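Pulled these from TrEMBL:
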type	residues	note
COMPBIAS	40-50	compositional bias 'Basic and acidic residues'
REGION	40-70	region 'Disordered'
COMPBIAS	52-67	compositional bias 'Pro residues'
TRANSMEM	97-123	transmembrane segment
TRANSMEM	143-166	transmembrane segment
TRANSMEM	178-198	transmembrane segment
TRANSMEM	204-229	transmembrane segment
TRANSMEM	241-259	transmembrane segment
Amino acid sequence: MICPNCKNEQAEGKFCGQCGAILPEKTEETLVEPKIEQEEPIKLAKEEPTNHIPPVPPTPQPQPVPPAATSSAISDYWAYFLNSFKKPSKQAQDAPFNFGLISIAITVFLWAVLPFVALQRVLTYTASWFGTSVGDPSVDISILIRTIVTLFVLYACIVAVLSLLATKMGKYRSWKQIVSIVGTYNNWVIVLLLFTFIPLFMNFFAFSSSLLSIASLFIALLIPLYVAIVAFESDHKLDRFVRFLIMIASLFAIYYVLYKVLLNQVIDSMRSFTNYM
């Protein structure tokens, strides 16, 4: 406390120790805690509901086949092609389906192209003697396309009937196995068809026609019959000879129907084209 008269400071007492003046009563100071203002929480703005559309993933672009994979596939097919001449029966049993399918496609394509090329060569050779032109090339292309389609349909029917009989009455269990076997044996025919082009371009038309006839015999009859004979070695309620006769009858039925529907039209087109020339 401080005396208001003499400014004397003393701790306690009602009177000043120096001048005797009455000291003012001591008042207790109350500590007033500062008021802390609480911050109001920040309110987030409420998002308006929107129709959420998921992003559309980009369309994957087709990746090009690397050249290494292409060259590897070609080398594998070439090895398969060569092995079909060393051990054809063993290679036919182990051949991949896609290789057999490729061999069939090559065989039928060459089978269709050879008559077209032969017709063109004969007309060119004949025209050189008489000094006339060969004709409209558009007619040639239409005949070629029709021949390719016809022979592909014919061979597809042959393989389909062979697959049906060889799986239902024979030892094979899948049509893909039949395609692999037939394609492997057709590699021999591919070489024969390619060789036929040599005498054809040398204008040996009779010899070329004979080679083409032999190749056609193997393609349409001998190879399917051989595959059927091997397939019919398994036990069945029908005798092997009966199954063999069923196979022959089925093949000739296909030839007759397709001849009436497709082959006859192709032959007539070739005849009309040669008569027009």
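The backbone N, Cα and C atoms fix where each Cβ goes, glycine too.
Unlike curated entries, TrEMBL annotations are predicted automatically.
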With CB pairs under 8 Å as the measure, which of the listed stretches 143-166, 178-198, 204-229, 241-259 comes out on top against the transmembrane segment (97-123)?
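Result: 178-198.
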Which sequence positions outside the transmembrane segment (204-229), separated from its termini by at least 6 residues, show Cβ-Cβ distances below 8 Å to it?
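Tertiary neighbours of the transmembrane segment (204-229) are 107-108, 111, 114-115, 118, 121-122, 125, 154-155, 158-159, 162, 165-166, 170, 178, 181-182, 185-186, 188-189, 192-193, 195-196, 243-244, 247-248, 251, 255.
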Counting only residues 6+ away from its ends, which parts of the chain sit with a Cβ under 8 Å from the transmembrane segment (241-259)?
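Distal contacts: 150, 153-154, 157-158, 161-162, 165, 169-170, 220-221, 224-225, 228-229, 232.
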